[in-house]
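Engineer: Questions regarding the structure given below will be posed in turn.
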There are 2 protein chains.
Amino acid sequence: MSNPASPTEFETVTATSPAVVPVRLGDRSYDVLIGPDLLRDAGRRIAAVAPGAACGIVTDTTVAAHHLAPLQASLDEAGLRHTVVTVAPGEGSKSYAGFAEVCDALLAARLERGDCVVALGGGVVGDLAGFAAASLKRGMTLVQLPTSLLAQVDSSVGGKTAINSPLGKNLVGAFHQPSLVLADTASLDTLAPREFRAGYAELVKYGLIDDLDFFQWLERYRGAVCGGGLERVEAIRRAVAAKAAVVARDEFETGDRALLNLGHTFGHALERLTGYDGTRLVHGEGVAIGMSLAFRYSVHEGLCSGQDAERVTAHLRAAGLPTSIGAIPGWTADADAMLDAMAQDKKVSRGSLTFILARGIGQSFIARGVVPERVRAFLRDELPPDGERA
Amino acid sequence: MSNPASPTEFETVTATSPAVVPVRLGDRSYDVLIGPDLLRDAGRRIAAVAPGAACGIVTDTTVAAHHLAPLQASLDEAGLRHTVVTVAPGEGSKSYAGFAEVCDALLAARLERGDCVVALGGGVVGDLAGFAAASLKRGMTLVQLPTSLLAQVDSSVGGKTAINSPLGKNLVGAFHQPSLVLADTASLDTLAPREFRAGYAELVKYGLIDDLDFFQWLERYRGAVCGGGLERVEAIRRAVAAKAAVVARDEFETGDRALLNLGHTFGHALERLTGYDGTRLVHGEGVAIGMSLAFRYSVHEGLCSGQDAERVTAHLRAAGLPTSIGAIPGWTADADAMLDAMAQDKKVSRGSLTFILARGIGQSFIARGVVPERVRAFLRDELPPDGERA
């Protein structure tokens, strides 16, 4: 993975011959397939991992309008019975009520333990359908069909599923690996530009964690990645391969899987304090600001050069992403509220904060025992003065 | 386990030296301790499996009145911080709403991933708190302190947790093993007689599955088991040892763990069709009727002698348990409704029913592909005629 791939290296990816990234987890191993038009062929591939299973498709109204019909046709062709549960788009569906609704609808369709929950959508649908699949009859087969960039490079791979509590994001869930992930890169063409940009933040994350070479590659090919084509497939393949390697080492996040949370401790607090209001802040934007904050806090602590932190924010800004709290419309919370929101994070241990910090681009590490008072002081400088709030 | 134990064999069980049954599941192994007054010593024992953990006690108002204060005193003594979530007694709390309530209360208490959920109560509390522990931050430590006979011999051991859906019982949950189970046999003295009898049905179940000797032992010592004392401890120990052996062989119920569902396919349908109304039918009573039905259906199919089926019902009846659908107050559902309720069972596979049937006492087996029409015909004979309903 060290040399920037030239376009010729990934020219062979086609609908019938997608890129394949195996996730190696013993008897829970599975493949992530990446390429154009995979949804049209989904029935045959699902039948291969769950022969004869009935499928409970979980999707949202926006995604359904674009992708449900071809998926259903493909399942019909493969001879798989299917039923559909449609939820409202947006983070609000990842709630206790949304969970109950999806579970009961799948039960009403008489899905059995050996049948298959098919998550067709972005991160919200994947997390919600995944937690339902983990819980229904104490565990059903799950297939992820991620249709957003964010879901393709992050949430659909690795088995984390969850819903939100009023007390914080992703606080109630399960580790439940899918049996197959089909990342149809053509489906990204239907994304709103803001959603595509949000997913791009998670792509950048893999470079920032431990792959300076990938970050440099993205600096060079960002235009092509955003424009579609083979560079996009290659960017997703590299991100998924990076995630698969971490997950294979640490499935249940007892160790360095926590690195994947770069930008997320700050980001989740930002999302919580904006009430998960997707008109103000979507998840990937929270991660973009969170990564910027993590790098600037690393500079503040004398760990990282200011040059590297500026290079990170410059790239994110060039991709159209926000990089400071002041960019969030209507922001009013203070540093204490931020600390309070972060205290509910899953990575808190015995009251002390754990952050992912960096010694430079591609040199992130898990920092335990971060002193809240130092973070508070840093955030006071970061927060926009009252008069300048967006 | 083949010879009936004489009282001298289990004379050594005391509060400081309880019976210990190990549940062997690799790195998820744990001990079940059985003996009087274990709750008063719970703090020290919890601290041993979860050093320094904060404890989120989940209990119901009835159990709290009897057992909460001594548990809290014991946690104080061990230096463990604790918080309490109290739910209403009864099956109604094992709902989506009850799950959300317990999760949010534990989150509000700032419990962290390494902290401990302590389930103090019967099967409802254990299943509900267990599913919350499985789901909160994708998995917290769980300690089961079962205070009902049913929970001590069945639901607290083996890691099955769940809530009910309006579509059926225990349909949404997780496999999540506890780190410790303390079965305080003195707590059984505070049980309502009806609750104790209901738990007795689950004790009998272990004899019926594969241990004729234990069934004979119960026929002989039933009075002593119900009266308390060492026979009761021994009966619980034998039941837990039987369950631990099955769970160690088949943690995720892909094989013969299903035997533990003897009486439960019928029983769950009965509970569902009485609206989980504990004034009409509690779980153990449903299992008692269900086991009677399973044996009579086995006779109906020519698998089992009528004599054995009569011996089963005679023993259950002597213990004060119901053995026929006609014993349920206000029963109105017909055979079709029963079949429909059973079709939602987790053991249904590709539309065909799986029952636990018997060739005799102690000779139960998993019967797949049971023909619904034959069950329907059997149930028509079992159902009370309109005029004779209780």
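The backbone N, Cα and C atoms fix where each Cβ goes, glycine too.
What TrEMBL says about a protein is an automatic prediction, not a curated fact.
Taken from TrEMBL, the feature domain '3-dehydroquinate synthase N-terminal' covers A:85-197. Feature annotation from TrEMBL assigns NAD(+) binding site to A:Gly123, A:Val124, A:Val125, A:Gly126, A:Asp127, A:Thr147, A:Ser148, A:Lys160, A:Lys169. The domain '3-dehydroquinate synthase C-terminal' feature in TrEMBL is assigned to A:199-348. The Zn(2+) binding site annotation in TrEMBL covers A:Glu202, A:His264, A:His283.
On this model, are these features tucked inside or out on the surface, and what's nearby?
Structural biologist: With a cut-off of 8 Å between CB atoms and residues at least 6 apart in sequence, the same chain places A:Ala162, A:His268, A:Glu271, A:Arg272, A:Tyr276 near A:Lys169 (NAD(+) binding site), listed in sequence order. Taken residue by residue with DSSP, A:Lys169 (NAD(+) binding site) is part of a strand.
Around the Cβ of A:His283 (Zn(2+) binding site), a 10 Å sphere holds 29 further Cβ atoms from the protein chains shown. A:His283 (Zn(2+) binding site) falls within a helix when secondary structure is assigned with DSSP.
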Engineer: For the domain '3-dehydroquinate synthase N-terminal' (A:85-197), what are the DSSP-based totals of helix, strand and coil residues?
Structural biologist: 47 helix, 35 strand, 31 coil
Engineer: Taking Cα atoms as reference points, which of the binding-site residues A:Glu202, A:His264, A:His283 is nearest to A:Asp127 (NAD(+) binding site)?
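Structural biologist: Result for A:Asp127 (NAD(+) binding site): the nearest of the binding-site residues is A:His283.
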Engineer: In terms of Cα spacing, which of the binding-site residues A:Glu202, A:His264, A:His283 are within 10 angstroms of A:Gly123 (NAD(+) binding site)?
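Structural biologist: Among A:Glu202, A:His264, A:His283, the ones whose Cα sits within 10 Å of that of A:Gly123 (NAD(+) binding site) are A:His283.
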Engineer: Of the binding-site residues A:Glu202, A:His264, A:His283, which one has its Cα closest to the Cα of A:Val125 (NAD(+) binding site)?
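Structural biologist: Of all the candidates listed, A:His283 is nearest in space.
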Engineer: For A:Glu202 (Zn(2+) binding site), name the DSSP secondary structure in the helix/strand/coil scheme.
Structural biologist: helix
Engineer: Let me know the most crowded of the binding-site residues, choosing from A:Gly123, A:Val125, A:Glu202 and counting other Cβ atoms within 10 Å.
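Structural biologist: In terms of Cβ crowding, the pick is A:Val125.
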Engineer: Looking at Cβ-Cβ distances, which residues of the chain lie under 8 angstroms from A:His264 (Zn(2+) binding site) while being 6 or more apart from it?
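Structural biologist: Listed in sequence order: A:Val287, A:Gly290, A:Ile356.
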Engineer: Measuring Cα to Cα, how many Å separate A:Ser148 (NAD(+) binding site) from A:Glu202 (Zn(2+) binding site)?
Structural biologist: 11
